[in-house]
Amino acid sequence: MKQAKGLHKWLLGHFLPVSLLIISYLSGWPFFEGLHFSEFTFVVLSFSALIYISYKSKDSAPCNNTFLKVWILYIIFQLIIGLFYIDNYYVARMYLRNSLTLLCCYSIYLFSYPKYLFQCLHTWYKYFIPIFVICVIPVAIPETYFHFLIPLYIGLILIRALPFKHQVLILIVAIFFMGGLLSRSNLIKIIIFSIIGYVTYSKYITKKIAKLICAFLISCPLLLFILGISGVFNVFDMESYMGNYDVEMSYTSEGEERGRSMIKDTRTFVYAELLESTIENDSWLLGRHPSRGYTSIKYQDELDENSGMFNTERMNVEVGILGIYLWTGIIGYLIYSAFFFNTIFSSINRTNNHYILSLAIALSFIYAFSFVEFTCAPHIMYIMTFIYLGICNSKVFLNMSNDEFKNFIKKIFSFKS
């Protein structure tokens with residue numbers, strides 16, 4: 001018993017915070033492809049440890065969401081079925097990656113504990129600045145080292161809870177990246193989270209107004225999806241209503257420069273191929289499970305090189321909500337969405353502090369933007385989303401006053417303790 005408690009404490013206090021640092025950097029590789037075996041093994045061990053201690057913590061966690069329990073049970077059902085479709089190394093590796101991605105929702109229980117959330121985030125923030133400045137900036141390209149700072153998003157969302165000097169530091173970092181990034185999605189996230197942090201913490205943003213904002217953000221992608229598949233309006237075809245805007249360069253995964261359009265449509269064909277594939281395979285209801293992908297013509301060269309026997313199936317999905325739909329079907333999508341909606345509106349109704357309203361609005365944006373990006377993969381952004389969900393489902397955080405919540409956030413960013 002003592003050894004188990006010691007392992008639990010060591011994982012929380014040391015292994016997980018360090019893992020966050022390394023996973024943040026490795027997140028610069030799309031879908032974690034191109035990683036050496038040792039790097040991939042470390043990612044697997046890190047996420048396995050996170051899932052393990054989250055599972056061990058769930059019984060007494062200050063989080064009791066029925067939709068989360070249903071979602072976990074449905075995931076386990078999908079994982080069991082997916083085992084029967086594994087027949088080569090590539091499929092086994094992708095099944096393992098996708099399984100860890102889906103099971104990572106267990107971490108919501110862990111992050112609903114203030115003390116555990118503090119242990120993970122405080123250690124990360126206390127050491128990330130010197131490590132980042134000394135080790136990462138000199139050798140990394142912008143599109144890679146950006147991922148190293150994704151945990152700072154919570155600082156943008158809750159920026160009004162921080163002392164002025166910390167606000168200035170976070171804004172300087174945000175402006176620095178806005179000037180150096182060429183990825184439109186990363187720019188959008190930084191801008192939106194900054195607006196949420198400053199605008200939503202206001203006496204004019206009441207619970208009623210917050211719920212209206214959340215409802216608007218949630219309904220927008222659903223409306224645009226209907227308009228898109230009906231052929232009325234395709235929001236991704238920006239050149240048709242904005243013209244063409246080019247930038248001078250972007251970066252490949254090897255660090256090479258190349259030209260790129262900032263408004264090029266990179267999503268319509270993903271939607272088209274994936275939806276057609278699930279309909280053709282009659283998997284639209286239950287999904288294709290974590291061990292299968294979708295038929296892709298666009299990425300055929302990539303598939304021929306990497307995927308072995310299933311050389312017509314692509315398991316990587318840039319669009320987060322499509323990943324959920326691909327692996328779990330329309331049933332999984334509905335359960336997943338119901339959990340998000342319940343968390344957002346329930347937290348607004350139950351909270352005693354204003355900061356939860358900011359997080360609820362941020363979660364609404366994350367859900368809406370998952371129709372565009374927020375890759376469903378073992379990525380640092382995925383972990384941060386579960387941190388927001390953990391806070392919004394925690395009875396302890398919901399019962400905090402404005403001052404109590406503010407002091408908790410200030411301690412996370414403090415370098416003294």
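Each residue, glycine too, has its Cβ placed from N, Cα and C.
Residues or ranges marked as transmembrane segment by TrEMBL: 12-31, 37-55, 67-86, 92-112, 124-148, 168-201, 213-236, 319-342, 354-374, 380-398.
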Leading contact stretch, 213-236, 319-342, 354-374, 380-398 vs the transmembrane segment (92-112) - CB distance under 8 Å: 380-398
Selected stretch (most C-beta pairs under 8 A with the transmembrane segment (213-236)) from 319-342, 354-374, 380-398: 354-374
Long-range Cβ neighbours of the transmembrane segment (354-374) (under 8 Å; 6 or more residues past either end): 157-158, 160-161, 185, 188-189, 192-193, 196-197, 200-201, 205, 207, 210, 213-214, 217-218, 220-221, 224-225, 267, 318-321, 337, 340, 343-345, 347-348, 381-382, 385, 388-389, 391-392, 397-398, 402, 405-406, 409
